[in-house]
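Input: a single structure, listed below in structure tokens.
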Amino acid sequence: MAKSIDVSDLNIFYGDFLAVEDVTIPIAAKSVTAFIGPSGCGKSTFLRSLNRMHEVIRGARVEGKVLIDGQDLYGADMDPVNVRRMIGMVFQRPNPFPTMSIYDNVLAGQKLNSKRMKKTEADDIVERSLRSAGLWAEVKERLDRPGSGLSGGQQQRLCIARAISVEPEILLMDEPCSALDPISTSVIEDLIHELKTQYTIVIVTHNMQQAARVSDETAFFNLSGVGKPGRLIEHGRTEAIFSNPTDPATEAYIQGRFG
Amino acid sequence: MTTTLTPPPVDVSRELYGARLPTWGPRAVITAAVAAAAAAYAVGVNLLQAALLAWVICMVLPLWSAAVEGRRKATDRLVTTLVSSAFVLAMFPLFSILWTVISKGTKVLSAEFFTNSMRNVVGEGGGIYHALVGTLLITGAAAVISIPIGIFAAIYLVEYAEGNRLSRWIRFLVDVMTGIPSIVAGLFAYALFVLFFGEGVRMGIGGSVALSVLMIPILVRSTEEMLKLVPNELREASYALGVPKWRTVSKIVLPTSLAGIVTGVTLSIARVIGETAPLLIIVGTTDSVNFNLFDGRMASLPVFAFASQRNPGIPPEFSIDRAWGAALVLLIIVMLLNLIARLVSYFFSPKGER
């Protein structure tokens, strides 16, 4: 089910500004890859270019190749809408739809695309997604309540449930825990471990321990100065990056000497 | 040379608790001002001078404060007094209009007043049925024309054309249109209909077109502001689920901002329902009921009030009473619309945020 990602020579622009330069990285299927690096180094920009959310911003464009199981994501006949159905995304701040109930939020991907389904089928999807997101026990009594009434951590898990209810191949997470307390964070980290068996997961994080805990592979991004493009400095097995980085900048960052 | 710097002993209680006016101070001053004004009015000073006297007495408050509390608090009290008096001043015309219209308009209100037209009525009797029908039909048609145009234009501006040259032009033209005098809108509608139907055309739908010209810019502006309030994160969340843009707009952005949009629509209707000049030009007025927007003159409440006051006949008082009655009914309609806008924004706003 899950698919691998193969990025080669990717340059990402905002208008004329080169934000991320020359990224080449393979991401294996059914693995968790963490992107770490200082603020403004283009981790999130790169993540967003993996499901073509990047081009939602005016003037943003991409050069280079992103292959999903060998298919070019930016090929001329690729529809960004279909790409995003295949590659789900969880954002930094929980963003449940305020006009919808918890139930409808989970089914948002289906409902917004006017997919017809039986009530039992819909109930199944809601329960399965909420169980996978570890939220079922907390909300099963109040599925018809508005999603915005939940706590921050619950809202974020609701957003994860929403993202996995459409059964994507790949799940992108942009600092999913940065607005959450340690308990909610550990719930979501456990969740990432479980989801790994079905999905390819890419996560951006500022939390080094989190990267070390959840990921199989780690990629370190850095930028050489203000106004310069961000670059991928190195990537590899998480244990290797954390115990024996090849680049001195990586070592300095991981040990907290800068950034 | 060495000097030891010993700070002067600070009396904390003095530093933290300065002298203060008693809490009843402001209230006492206002009460005294109102009492003095009432007394002055009672002995024959006119209303304006009495109000002025009250205001001058209120100015005692900052002076008193300056003497007791010091400069900072005195400035605070002065500004508070000025801001409050500006508010009271702004309320004067509102209450004056309400009072005049209600006191002069209520006496003609009766079942007959709402169910009779002015056909074959001379002097006493008659009613505003024809004008009520005309106002509702013309404004309703104006709403039907302008709501889609206004909302779609706003959607284009916010969702599809952010910052391009066309959108800047549209925005500029909308701003210009907001300032169009209503008489110009009426002349525009008249000129337009003359092209098709010849000189001297009178049609209810022409009035609707003129009102639409006034309504559309208000609608575009208010809807635009409401759409801008929808957080971008919701749009991104929707895109990330693989939802196409038009579904995102119709199923996420519009429902989220529905309350504000409906409020804007209601207020724009309230804004144009009292327009007189354009209707005078293109719709005219009549004494009979006319349900057909596409044929001939129609009465409307503002034009009816204007005409009744302008050509009251002999004796004039019945006609002038009816004019006040029509004005009151118009006022009630506008207030009902505002009430509806409130209710709508209460019931339609996203759940959980109330």
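Indices start at 1 and increase along the chain as displayed.
In case you wondered, yes, glycine gets a Cβ from its N, Cα and C as well.
According to TrEMBL, the feature transmembrane segment maps to B:24-41, B:47-66, B:78-102, B:128-158, B:170-197, B:203-220, B:252-273, B:323-348. For B:132-341, the entry in TrEMBL reads domain 'ABC transmembrane type-1'.
Of the Cβ pairs linking the transmembrane segment (B:203-220) with the transmembrane segment (B:323-348) and spaced 6 or more residues apart, fewer than 3 are under 8 Å, so the two regions do not touch.
Under 8 Å from some Cβ of the transmembrane segment (B:47-66) lie the Cβ atoms of residues 21, 25-26, 29-30, 32-34, 36-38, 40-41, 73-75, 77-78, 81, 85, all in the same chain and six or more residues away from its ends. As a quick check, the transmembrane segment (B:170-197) and the transmembrane segment (B:252-273) miss the bar of 3 or more Cβ pairs under 8 A, pairs 6 or more apart, so the two do not touch. Between the transmembrane segment (B:128-158) and the stretches B:24-41, B:78-102, B:252-273, B:323-348, Cβ pairs under 8 Å are most numerous for B:252-273. Sequence-distant neighbours of the transmembrane segment (B:24-41) (same chain, 6+ residues past either end, Cβ-Cβ under 8 Å): 47, 49-51, 53-55, 57-58, 60-61, 64, 77.
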